[in-house]
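Record features (Swiss-Prot):
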- 36-60: DNA-binding region (DNA_BIND)
- 89-112: DNA-binding region (DNA_BIND)
- 123-135: compositional bias 'Low complexity' (COMPBIAS)
- 136-145: compositional bias 'Basic residues' (COMPBIAS)
- 8-64: domain 'HTH myb-type 1' (DOMAIN)
- 65-116: domain 'HTH myb-type 2' (DOMAIN)
- 123-145: region 'Disordered' (REGION)
Amino acid sequence: MRKMEAKKEEIKKGPWKAEEDEVLINHVKRYGPRDWSSIRSKGLLQRTGKSCRLRWVNKLRPNLKNGCKFSADEERTVIELQSEFGNKWARIATYLPGRTDNDVKNFWSSRQKRLARILHNSSDASSSSFNPKSSSSHRLKGKNVKPIRQSSQGFGLVEEEVTVSSSCSQMVPYSSDQVGDEVLRLPDLGVKLEHQPFAFGTDLVLAEYSDSQNDANQQAISPFSPESRELLARLDDPFYYDILGPADSSEPLFALPQPFFEPSPVPRRCRHVSKDEEADVFLDDFPADMFDQVDPIPSP
């Protein structure tokens, strides 16, 4: 037990020193890169055979390509061998002079990370380009907007077509592929859509407007009034001087009726009452038995 403990204490671990590297190089020059376990048995180094081999392969070989990037041929070789052997980095490194298994492993891991980053960026770009929110912001652009015309039959507004504008983009649940710049048409339900905000007085206004227009047309056609036309008709009578009277008369030619005014009311008949008759006239207006029910005034 004590011997085994002593041997374990003799095995050295940790970083290598320059003196140990020099002993290992001299051993390889003399015996070649083999018999790694004999180095410790001969008492040359207190290192295990595995530690001596890895130190030589990864750090002390003369043809190592330390700090050099993989060439295009080396990258192609690693990709082909990895698809054939899998993650056998030490075996793949034997096909690449000057490359260690750690070099191959580091190259492969960095390549995988780079590819994953590229794929992630491309997926983000594709998802943002096909995002429905970004595509919905360009829908519903009304270009051919037709105004609402006024009906000639009345004062109501008749809605013929409903157009799509940018202000109702949030209210119309259609995509840009379905709507676009086209005009939405209402289905024919047999009902005429009319809006008459002043329908309570349209009939009266229209009637007055038509009557006044007809009167204006008649006045434009016949410039003389009915009374003037009657007077002109009487001029053909040979006794029209008797009708008109002398020219120097101050009285009017003829008295025309006033059709636009009501006839004057009948004048009231009033008689003059003297001062002496005022009291009697005032009392005569009361009935005769008015004072029968009045109590006499008591004497003082």
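Residue numbering: from 1, along the chain as shown.
Positions of Cβ are set from backbone N, Cα and C atoms, glycine also.
Fair warning: this is a prediction, and the values are worked out from it, not measured in the lab.
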What does DSSP give as the helix, strand and coil breakdown of the DNA-binding region (89-112)? 17 helix, 0 strand, 7 coil
Counting by DSSP secondary structure, give me helix, strand and coil numbers for the DNA-binding region (36-60). 17 helix, 0 strand, 8 coil
